[in-house]
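Reviewing the structure listed below.
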Ligand code: CBY
């Protein structure tokens with residue numbers, strides 16, 4: 001073959017070797033924006049009282065998709081500023097990472113707060129504390145791998161310092177922290193793919209130096225995690241469950257080099273999420289905030305793009321509020337459920353609550369009936385109340401123990417504050433290990 005013929009071939013070969021970094025993105029089309037309205041209503045109409053971590057999720061989401069709701073954004077930023085000033089020491093590493101992502105998203109003026117309050121240094125310290133806890137407690141972080149992934153992501157996007165070798169050591173796909181029991185956590189895997197993709201890109205761009213083997217391993221990890229995520233795809237297109245699908249979509253958008261076109265029907269997944277929205281599934285601000293970016297074709301890796309995130313969706317939140325359709329309880333009648341606490345023994349009671357009550361109402365009623373057996377404590381997390389102890393027995397991240405919620409023996413995919421109970425149901429809180 002003459003040289004002139006070889007050249008295009010060589011070119012083609014080289015081209016196919018360069019990671020394309022192209023993303024396979026499907027997103028809601030403009031004429032369908034109306035179907036996202038329930039998400040915006042949920043975010044707009046929530047009370048963001050001081051210290052609620054849902055405000056961070058909501059701000060990040062609004063910034064990323066370029067929604068110009070200045071009133072709401074101002075309110076959220078004020079709260080975040082209060083948190084940063086008054087109670088940063090109580091904020092977990094992942095929460096701080098989210099604060100940085102939200103404030104720094106899309107070249108907006110609030111970015112300065114990150115530097116005024118030295119938030120990157122503080123995140124480096126919190127990330128370090130997670131690693132130290134893993135070393136002291138059998139590989140268990142202070143929080144969890146979802147948050148460690150957020151930490152790496154924020155440090156990577158905002159030029160913080162982290163050790164690539166440590167990332168490679170800790171983020172192997174076989175690590176137990178990707179699993180709750182034998183169940184792969186899609187949320188966790190998806191967040192790790194986003195973090196590892198960011199790290200990979202900065203290595204390729206030469207922003208961070210490391211040896212070849214780290215880069216190779218990171219690619220292997222991403223591929224393996226993407227396979228695990230895709231293997232959690234359900235018949236209807238959801239990935240994991242309703243609440244993990246948005247994050248799984250983000251991970252799949254940025255990793256299309258690692259799976260075949262036929263392995264994932266993005267449009268089917270998108271339609272499944274739209275159906276869930278129409279059924280009122282995303283009724284808490286955090287649930288709404290976490291799913292929205294993917295539906296508009298955005299990922300957390302867009303946070304530090306050099307442009308402001310304006311989009312066609314810009315003003316559609318400003319239109320008049322539609323009244324929220326609160327599913328009115330059928331009548332004011334009562335229902336009764338069987339409620340039990342399981343440690344080794346099972347303690348049960350029949351509890352009567354008004355129709356339309358949530359799991360937490362049942363627990364409170366039972367506690368009033370018998371404080372020794374049904375007494376419990378909880379704390380407010382971004383997704384709503386989280387049960388921390390029952391009968392004085394406390395959940396512990398170091399021991400990987402928690403109070404699991406079940407109905408009819410099947411784990412629930414909602415927390416105590418949002419799961420609506422039904423007449424005759426068998427509800428249980430069970431002392432479990434993950
Ligand atoms: N976020 C976090 O740190 C949480 C990370 C997360 C992976 C999260 C899901 C995903 C997300 N997008 O935020 C997560 N859950 C974790 C890590 C955990 C563990 C918490 C302890 C730890 N090591 O940090 C643990 C104990 C395994 C856990 N979740 C328990 C539970 C149950 C809570 C019961 C209780 N005691 O109150 C529960 C209700 C499952 C059950 N049947 O018992 C549960 N989680 C659920 C349902 C969920 C989903 C919430 C969905 C909803 N609509 O309410 C979830 C989105 C989430 C929050 N957990 Co966890 C997963 C899902 O279903 N897709 C970062 C921080 C800054 O906000």
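Just so you know, glycine gets a Cβ as well, placed from its N, Cα and C.
No curator has checked TrEMBL annotations; they are predicted automatically.
Taken straight from TrEMBL:
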type	residues	note
BINDING	143-147, 187, 241, 290, 386-387, 403-405, 412, 434	cyanocob(III)alamin binding site
DISULFID	26-266	disulfide bond
DISULFID	106-309	disulfide bond
DISULFID	156-198	disulfide bond
DOMAIN	356-433	domain 'Transcobalamin-like C-terminal'
SIGNAL	1-23	signal peptide
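Residues from the recorded positions list (145, 156, 309) with a C-beta closer than 6 Å to any atom of ligand 1: none. When Cβ atoms from all protein chains are considered, those within 10 Å of residue 145 (cyanocob(III)alamin binding site) total 25, not counting its own.
Taking a C-beta cut-off of under 8 angstroms and a sequence separation of 6 or more, residue 143 (cyanocob(III)alamin binding site) has the following same-chain neighbours: 92, 93, 94, 130, 397. The CA atom of residue 145 (cyanocob(III)alamin binding site) is located 28 Å away from the CA atom of residue 309 (disulfide bond). Rounded to the nearest whole angstrom, the C-alpha distance between residue 241 (cyanocob(III)alamin binding site) and residue 156 (disulfide bond) is 28. For the disulfide-bonded residues 26, 106, 156, 266, 309, counting C-beta atoms within 10 A of each C-beta gives the highest total at 156.
On the backbone, the CA of residue 156 (disulfide bond) and the CA of residue 147 (cyanocob(III)alamin binding site) stand 14 Å apart. When secondary structure is read from DSSP and collapsed to three states, residue 434 (cyanocob(III)alamin binding site) falls in the coil class. Cα to Cα, residue 198 (disulfide bond) and residue 403 (cyanocob(III)alamin binding site) are separated by 34 Å. Here the CA atom of residue 147 (cyanocob(III)alamin binding site) lies 22 Å from the CA atom of residue 106 (disulfide bond).
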